[in-house]
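Swiss-Prot annotations:
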type	residues	note
ACT_SITE	166	active site, proton acceptor
ACT_SITE	285	active site, proton acceptor
BINDING	114, 164, 168, 286, 318, 370	substrate binding site
BINDING	192, 194, 195	Mg(2+) binding site
MOD_RES	5	N6,N6,N6-trimethyllysine
MOD_RES	192	N6-carboxylysine
SITE	325	site 'Transition state stabilizer'
């Protein structure tokens with residue numbers, strides 16, 4: 001008899017293997033699957049495993065030239081999603097040999113490359129990935145990580161403060177540098193290029209880099225603190241991006257920035273390697289993430305994009321505020337904040353963490369809280385994010401009625417007051433407003449900020465629920 005039989009057969013015969021014991025070297029994925037009406041969940045889960053590994057839509061004779069059992073993805077468990085009709089979590093195990101070492105690009109091309117357009121599925125979302133130790137070890141990861149950054153900046157025991165320079169588009173380089181200087185002089189640790197500031201006609205990158213470097217050095221000399229500005233090196237080509245990073249290094253500034261989703265993982269990993277080799281910190285902005293992660297039943301959850309960034313490399317990444325103008329539910333946000341910072345994270349479904357993740361000492365990433373936050377949020381932010389974070393107030397600094405430097409002073413005073421109160425054992429969640437009010441008695445800048453923003457709230461329900 002001939003070993004090869006042409007024709008189309010059910011995926012579940014080959015790719016649904018509930019008896020499979022996962023290996024320590026497997027990459028594990030949890031997908032939220034919404035099958036088309038009439039498609040059984042086992043078939044849908046198996047289809048995902050097949051299409052994201054070795055399968056194709058029909059039997060091919062070349063299957064006989066390899067060992068499918070060694071290379072195929074396997075759907076090893078399926079569970080219904082509580083409270084949702086015809087939605088399932090499908091767990092898929094991928095053998096390590098399917099992936100190129102040290103390439104987030106290849107990992108994503110395999111796992112989420114083709115399968116999301118699959119007709120048998122109404123919707124598909126990648127909820128979480130377990131990256132095995134053996135694969136983690138093929139990545140450099142963040143250029144420096146949390147501890148090295150603190151040592152470089154000589155700042156300990158508190159969150160770091162930042163500010164995005166606004167208006168984000170239209171300032172000349174000289175005026176932009178002036179705004180940077182005012183913020184840093186007032187007491188911020190960092191200022192930031194907006195994610196869409198690259199090199200436009202009103203402000204070319206080289207001019208901006210130069211004036212920002214001048215602002216940094218002037219502010220450092222006046223305050224005796226180390227300062228930084230996230231110089232956005234994102235560009236249309238990798239060569240141009242590297243040219244900008246090299247110029248930043250020549251200026252002697254401490255940190256550059258990249259938009260990792262629009263710039264792409266290949267560019268990001270290249271830049272991260274350069275940053276480690278040349279002592280630059282790397283700030284990562286997640287522009288475009290909501291296109292991918294905001295829909296509850298289709299796309300990729302941000303915790304996966306956050307894990308991917310830790311592998312590709314970045315020292316800071318924007319990760320929601322829980323309290324400001326942008327999306328973020330508290331437990332889920334803290335779940336991926338832990339995935340960014342900690343070395344070992346236990347599985348915890350209540351926070352959306354589907355797998356235990358061991359990073360085997362890959363450096364951690366500082367989460368950046370940014371978007372619609374101001375001094376009244378400071379106690380909550382200090383309590384939620386703790387010391388290892390960057391709190392970024394754009395409008396919450398520049399919108400101060402007396403200008404940028406007083407806005408920066410207000411934020412720094414509020415932060416120091418919250419850290420001191422916490423260290424004295426006070427409850428920031430309960431006494432937060434009182435702590436800010438007390439501090440504003442001896443800081444007119446803070447008092448003015450408190451007055452301006454006392455009524456501002458962004459109250460909408462979070463979409464990112466379990």
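Numbers here mean position along the shown chain, with the first residue as 1.
Cβ coordinates are placed from backbone N, Cα and C, and glycine is handled just like the others.
Location within the structure of each feature annotated in Swiss-Prot.
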residue : record                       : contacts (Cβ under 8 Å, 6+ apart)
5       : N6,N6,N6-trimethyllysine     : 59
114     : substrate binding site       : 51, 52
164     : substrate binding site       : 191, 192, 193, 194, 370, 392, 394
166     : active site, proton acceptor : 194, 394, 395, 398
168     : substrate binding site       : 194, 196, 197
285     : active site, proton acceptor : 195, 232, 257, 258, 259, 260, 317, 318
Most Cβ neighbours inside 10 Å, all chains, among the binding-site residues 194, 195: 195
Other same-chain residues whose Cβ falls within 8 Å of the Cβ centroid of 192, 194, 195, the recorded Mg(2+) site, in sequence order: 164, 165, 168, 193, 196, 197, 230, 232, 257, 285
Neighbour count (Cβ, 10 Å) for residue 370 (substrate binding site): 25
Neighbour-count leader, CB within 10 A, binding-site residues: 192, 286, 318: 192
